[in-house]
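K.L.:
Sharing a structure here in structure tokens format.
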Amino acid sequence: MEEDPETGNSSRTERKALEKAKILQRERERKVFRLVGRVLKKPEAERSEEEAAALLLHREAVDELGRRQIRRNVLKRKQEEVFDDADELKSKVKQLAAAVKQANHLVVYTGAGISTAASIPDYRGPNGVWTQLQKGRTVSSSDLSKAAPTVTHMCIRMLHKEKLVKHVVSQNCDGLHLRSGLPRHALSELHGNMFIEVCTSCSPAREFVRLFDVTERTSLHRHGTGRRCSHCGSELRDTIVHFGERGTLEQPLNWKGAAEAANEADVILCLGSSLKVLKKYACLWSMSRPANKRPKLYIVNLQWTPKDDLAVLKIHGKCDDVMSLLMEELNIQIPEYDRAEDPIFKLATPLRPEEVQSHNREVLAAPDGQESPSAENQQQPSEETSSLQGGWFGRGYNKGRRKKKKKAA
């Protein structure tokens, strides 16, 4: 059945009129909000009669702007860093030490906050990557190859050696837990490791540990590194799990180990994590159990986390400071990071001659007196190519650079 031309024209005219009315209505609402916003910024004593009348007339706009301000204030408070004073910090660490001693199965969850002392920026802190990008600022480049395990990394490794920590679940991709000497069976790197690329065509998946960040060419849903498996010839892929992806690799993610550890845990210690991502992993929190049967939760973080209300104790302090005090309370010496003992140099697989030009990342320098497994085949990048481009961390850095270039243009 054919549409009557006159009827068709009429319906299109009505739709256009309706769309125009909606646009005009939104513009009127914006004008009202701008007017009310300007008036509310003035002290009440300085408002004219017309302005006071406008507030009475547009009561709904006043209430909505009030609700928005409350939400902004709450968000601002959550982003603020809070520090416990020295006496309170010591008192809280004593409580934490008692919990560590009494725990039968202590599991540690770690986030970006434990690596800031290694000059690796976190994400949601005042100077974090995402915080800076949200403010329209660029993120400065960081040479991740110069990062070394922090005091916190070394404390965790020692606590595991002393059988006080059973398992470590980390969101970090920097590989510093592995480099601290923590055994791999005791570690779950849920979001991957920047030094590891794998061949998923081999069964089981074959790992290749490198002495450089393998993620230069990779990003969300694009994980090929450009190098090939020396056994089957298939393209290698990184192990990074980006936001919006689901990690399926057995290693280094080790989800099985993380879930088993969480299930057995009677105490969970969260270090330097906002927990905004970890909270979504239900298997880590035993939320199906009655509240009195769940692991006791201890949190060390300077900012608010969504698990604060469930914590037995929240410590507002830097991770290195808290862990140093904890080791003092436990009377355990903190080992220093020794580059000569860094496992990555023994685990690393040399690049083949045809792969020498396959990356522009800085290569980890071998310890004094040692030659790295791939020293002959590694190419040190020039100053022009050594800045971050792509990859798990550089992706955010480059996003900031692109914004700056557009503004300049």
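A Cβ is built for glycine as well, from the same backbone N, Cα and C atoms used for every other residue.
TrEMBL does not curate its annotations; it predicts them automatically.
Pulled these features from TrEMBL for this protein:
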- 86-333: domain 'Deacetylase sirtuin-type' (DOMAIN)
- His191: active site, proton acceptor (ACT_SITE)
- Cys199, Cys202, Cys229, Cys232: Zn(2+) binding site (BINDING)
- 398-409: compositional bias 'Basic residues' (COMPBIAS)
K.L.:
Mind looking up the mean pLDDT for the domain 'Deacetylase sirtuin-type' (86-333) in the predicted model?
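P.N.:
The answer is 89, the mean pLDDT of the model over that range.
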K.L.:
For His191 (active site, proton acceptor), which residues of its chain lie six or more apart in sequence with Cβ-Cβ distance below 8 Å?
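P.N.:
Within the chain, His191 (active site, proton acceptor) has Cβ neighbours under 8 Å at Ser170, Gln171, Asn172, Cys173, Ile240, Val241, Gly247, Leu253.
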K.L.:
Going along the chain, which residues six or more apart from Cys199 (Zn(2+) binding site) have their CB under 8 A from its CB?
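P.N.:
Set apart from Cys199 (Zn(2+) binding site) by at least 6 residues yet with Cβ under 8 Å, we have Ala205, Arg206, Phe208, Cys229, His231, Cys232, Ser234, Leu236, Arg237.
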K.L.:
Let me spell it out: for each of the binding-site residues (Cys202, Cys229, Cys232), count the other Cβ atoms within 10 Å of that residue's Cβ, using every protein chain shown. Which one has the most?
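P.N.:
Most Cβ neighbours within 10 Å: Cys229.
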